[in-house]
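Colleague: This is the structure, below, for whatever I ask next.
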Amino acid sequence: MKPLPFETGAGVGHSQSPLRIAMISEHASPLAPLGGRDSGGQNVYVAQVARHLGRLGHRVDVFTRRDSPTLPAVVELADGVRVIPVDAGPPAPLAKESLLPLMPAFTREVAAHARRERYDLAHANFFMSGLVAAELKRELGVPFAVTFHALGKVRRQHQGQADGFPDERFAIEARVVGEADLIVAECPQDEVDLMTLYAADPEKLVMIPCGFDPEEFWPGGRAEARAALGLADGDRVVLQLGRMVPRKGVDNVIRALARLPGELRARLVVVGGESRRPDPALTPEIGRLMAVARDEGVADRVTFVGSRGRGELRDYYVAADVFVSTPWYEPFGITPLEAMACGVPVVGANVGGIAHTVAHGETGYLVPPSDPDALADKLALVLSQPRLARRLAQLGLQRVHALFTWEKVAARLADAFAAAAGRRPAQAPTAAFAAVDRGFDDLLAVLSRAKTCLRDDIVRAADLVSGAFARGAKVLVCGNGGSATDAQHFAAELVGRFLAPDRAALPVIALNADTAVLTAWANDVGYADVFARQVRAYGRPGDVVFGISTSGRSANVVAALKTARDCGLRTFALLGGTGGEAGDLADCALIVPSPDTQRIQEVHTLALHLICELVEARVAPSS
Ligand SMILES: O=C(CO)[C@@H](O)[C@H](O)[C@H](O)[C@H](O)COP(=O)(O)O
Ligand SMILES: [Zn+2]
């Protein structure tokens, strides 16, 4: 059967033929729960890159050490993506520092698969997997790419004697750097370290960052999240989330908390550890941090949460006023991206990947690691200025969507892998096709997020509007540019006909449609009050003022909502991004989870149509 056009959307498409990829990640399994000593960003990276390569039409087998006897021989992770647990050592959790002697057994099993599957390329994650891939290349000629995630020489500089890896690691890394066909650096610092400490060939280096998943992390729902987590609405909440090991510098965050001025008392929420309930016996770092909190006199304001599943993390992010991460060093650091994706400003250490992902003074602040005074200064700045915090959050959201989605990361990796595997893109897509595809893909992603988070709000908005009509009241709607046409569109649907052929005319007035009033007031007085003036003229108690703005920051829309409030009218706003000032003013705010004006407008049209449909059904129930 001929596929319908929309069935061909995802896939390798015109740019590449599918690759068969052996992804090797000896200790970091995409199936592991996160937050434990050895499970963090690398697990997320492997899972997301594998899934997104699968979505692009490539076939991926992820090889990871079997750490439980109950795992089946093969686990289907997604379409075209399998996890294959490898028998090497006891089928139980082991510290990653003890895995090197198990690599010959690991290599034998991967090689047996590789003989059958004829992979085009291996993608090694971490130095021990690099060793496995280098052996595969020697034995079977499979080219390989490597993402180190962390470098032994950098770790040794920072951790000294606490570094439990053998010195052998340095020689293995050097061999892997020399024999790899492609070396993926995760941030500019990683690239420099690879060149200066390991003499990596710049021709083989490519800088591709880590990412976040917009279907997993988006802003909004702070009040609900706080209620679910038992955090008070008015509390100042600082969030720390990640693996619980000394190098993450959580003690520094506790010390900074103690240095905040009295009027900015805040609660520090610490998510992470080996168990769901924080247990110093299982996570010694928690015990150490509890003692630091006691010594600093802030034990009552530090909440240790324990580890949480991926699906639970968004609540913690959106509930926070500020996210903080001040490790001693950080090969990449995915959590700051996730925080920004949830519309939360970040204060991070000026090291490694964080120095690249957080734009200082724009999406948050960078501070030296292990400097609680510097951290307290910036936390105080963000906590004391809500407007500044909102602006940082908005720019952070834009930045992560522009640069750091897993979809974009995987597409760049796939191109680099194809080249390393000796494949050139079959036919480079023209810029025009690429732009069209991107538009559709972006909108589909926003729609899928919006479906979950706007459902309730759309029904609430329809209640508000139909309630007004039932009382004999009307709706005054306004917006600028594209949102002005949306306002008129909405009025036309309800004044005129929508789905029901025969129903009463419904009173909706688009305030941006009266050119004479607009131009006179803008010309004589100012543009900021063109809608507020009309709200005063037409608004009667019981009416609804409905503002449409993709940013939530248009002064005239904000003024209309304020005036409505002052006059005792109800308010409703259709917004995007972080919701801006309009989001705080409206009785009911519908915020499209995207920072992109055009995608927000496209979802606004759908929301308006759905509201019309629900309102009309109430006005003229079908018989
Ligand atoms: O349609 C578009 C952009 O797609 C523009 O006309 C856009 O609506 C205008 O720039 C508006 O002035 C933006 O205002 P707002 O959505 O931030 O309230
Ligand atoms: Zn537009």
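Just so you know, glycine gets a Cβ as well, placed from its N, Cα and C.
According to TrEMBL, the protein has these features:
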BINDING   ASN480, GLY481, GLY482, GLU493, ASN523, ASP524, SER549, THR550, SER551, SER554, GLN601  substrate binding site
BINDING   HIS489, GLU493, GLN601, HIS609  Zn(2+) binding site
DOMAIN    465-623  domain 'SIS'
Colleague: Where the criterion is a Cβ under 6 Å from an atom of ligand 2, which of the binding-site residues GLY482, HIS489, SER551, GLN601, HIS609 meet it?
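Modeller: The binding-site residues passing the 6 Å Cβ test are GLY482, GLN601.
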Colleague: Specify the nearest of the binding-site residues ASN480, GLY482, SER551 to HIS609 (Zn(2+) binding site), where nearness means the distance between Cα atoms.
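Modeller: Closest by Cα distance to HIS609 (Zn(2+) binding site) among the binding-site residues ASN480, GLY482, SER551: GLY482.
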Colleague: Cβ under 6 Å from ligand 1: which of the binding-site residues ASN480, HIS489, GLU493, SER549, HIS609 qualify?
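Modeller: Once distances to ligand 1 are taken from each Cβ, ASN480, SER549 fall under 6 Å.
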Colleague: When the Cα-Cα distance from HIS489 (Zn(2+) binding site) is computed for each of the binding-site residues ASN480, GLY482, ASN523, SER549, which gives the smallest value?
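Modeller: Ranked by Cα distance from HIS489 (Zn(2+) binding site), first place goes to GLY482.
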Colleague: Quick one: of HIS489, HIS609, which of the binding-site residues has the smallest count of other CB atoms within 10 A?
Modeller: HIS609
Colleague: Other than its own, how many Cβ atoms are within 10 Å of the Cβ belonging to SER551 (substrate binding site)?
Modeller: 20
Colleague: Between ASN523 (substrate binding site) and GLU493 (Zn(2+) binding site), what is the CA-CA distance rounded to a whole number of Å?
Modeller: 31
Colleague: State which of the following binding-site residues has the fewest other Cβ atoms within 10 Å around its Cβ: ASN480, ASN523, GLN601.
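Modeller: Relative to the other binding-site residues in ASN480, ASN523, GLN601, ASN523 has the fewest Cβ atoms within 10 Å.
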Colleague: Roughly how many angstrom lie between the C-alpha atoms of ASN480 (substrate binding site) and GLU493 (Zn(2+) binding site)?
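Modeller: GLU493 (Zn(2+) binding site) has its Cα 19 Å from the Cα of ASN480 (substrate binding site).
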Colleague: Only counting partners 6 or more residues apart, tell me which same-chain residues put their Cβ under 8 Å from the Cβ of GLY482 (substrate binding site).
Modeller: THR550, THR597, GLN601
Colleague: Using DSSP, would you call SER551 (substrate binding site) helix, strand or coil?
Modeller: coil
